[in-house]
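I have placed the structure first, in the form of structure tokens, so that the comments after it can refer back to it.
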Amino acid sequence: KCAHLRLVCQAEQKPYSTSKLWWCGISLLGLGELGNFTAYGFAPITLVAPLGCVSVIGSAFISAFFLKKTIRTADILAGTLTITGINLLVTFSPNVPQELTARQVQNYLVSWPFLVYSILEIIIFCILLYFYKRKAVKHIVVLLMMVAVLASLTVIAVKAVSSMIALSVKGKMQLTYSVFYIMIVLMATSCAFQIKFLNQAMHLYEATAVVPINYVFFTTSAIISGVIFYQEFQSAALLNVFMFLFGCLLSFLGVIIIARNKKEEHLQVHFIDCGHIPGQKLTGKIQPDSHSSCYGTLNKEDDSVKRQS
């Protein structure tokens, strides 16, 4: 974002691909996603997915340094809620073995809880797709629910692929099993369709609405898939489950508050200065008062116009 703003302010417009700052940002973004992918191989889905709120909250505070945004009380409150939620997530996350072999993935794929879960997801996705395609219903909830359904398959595949690669690096070769390549195809396909529907949502709605709703839907979907497919809360105590869900709730609130704060800041721009109109002298106020129906006038020396004003 900082690179794009700098390029806009330059007299000679250049493509963003020529900016070193832009390439630096893309490289850091790629590194972050690589770390996110690797994390699925060493930690439960139910822990990694909710921690995505760190990027939302972090970007709000980092923008204060790079984009000169103002940090408000609401931002500090959101950050406090999120940090508290993260502490609860880490403390009460399920303690399950993370060495996931190809044979275990095969067994999970044919287990009856996952088969029932898959059938329900297919039915829900087909219903949503019917309304999206046939009825042209492009409500934000419909679009992001389709993203969430696909995301549940993505995180299942990502964890399986990441875990099998991690075991192969340690010396326990898992890349010779066909399930490894099945999971790669599932991961790539579900990601591609996620991008399609998420892009549609970003095109039709404000990012301040898409970001928090997508985060809540994605996280909820990922937690459910982790519980059903990998049975991550199978032996967890009831108190641990409650405190974990409470941590998720605090993280959700933090992201929503940050998004609402950004929306309010955007709405503070009262008018757009279009510059001087040649041959005309503008009045002092371009933007009318809230109780006025007039949008400003052009002052002319003509007496009739003076009388009308």
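Note that the numbers count up from 1, one per residue, in the order the chain is shown.
Glycine is treated like the rest: Cβ placed from N, Cα and C.
Feature annotation from TrEMBL assigns transmembrane segment to 21-42, 48-67, 74-92, 112-132, 139-158, 178-198, 210-230, 236-259.
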Considering the transmembrane segment (74-92), which listed stretch of 21-42, 48-67, 210-230, 236-259 counts the most C-beta pairs under 8 Å: 236-259
Outside the transmembrane segment (48-67), six or more residues from its ends: residues with CB under 8 Å to it: 1-2, 5, 32, 36, 39-40, 75, 78-79, 82, 85-86, 89, 155, 211, 215, 218-219, 222-223, 226, 247-248, 251-252, 254-255, 258-259, 261-262
Tertiary contacts of the transmembrane segment (21-42), as residues 6+ beyond its ends and Cβ separation under 8 Å: 2-4, 6, 48, 52, 55, 98, 100, 155, 158-159, 162-163, 165-166
Remote residues contacting the transmembrane segment (210-230) - C-beta distance under 8 A, at least 6 residues beyond either end: 44-46, 49-50, 52-53, 56, 96, 100, 108, 113-114, 117, 140-141, 144-145, 147-149, 151-153, 155-156, 159, 198, 201-202, 248, 251-252, 255-256, 258-259
Chain residues outside the transmembrane segment (139-158) and at least six past its termini with a C-beta under 8 angstroms from it: 37, 40, 45, 49, 121, 124-125, 128-129, 131-132, 183-184, 186-187, 190-191, 193-194, 197-198, 200-201, 204-205, 209-210, 213-214, 217-218, 220-222, 224-226, 229-230
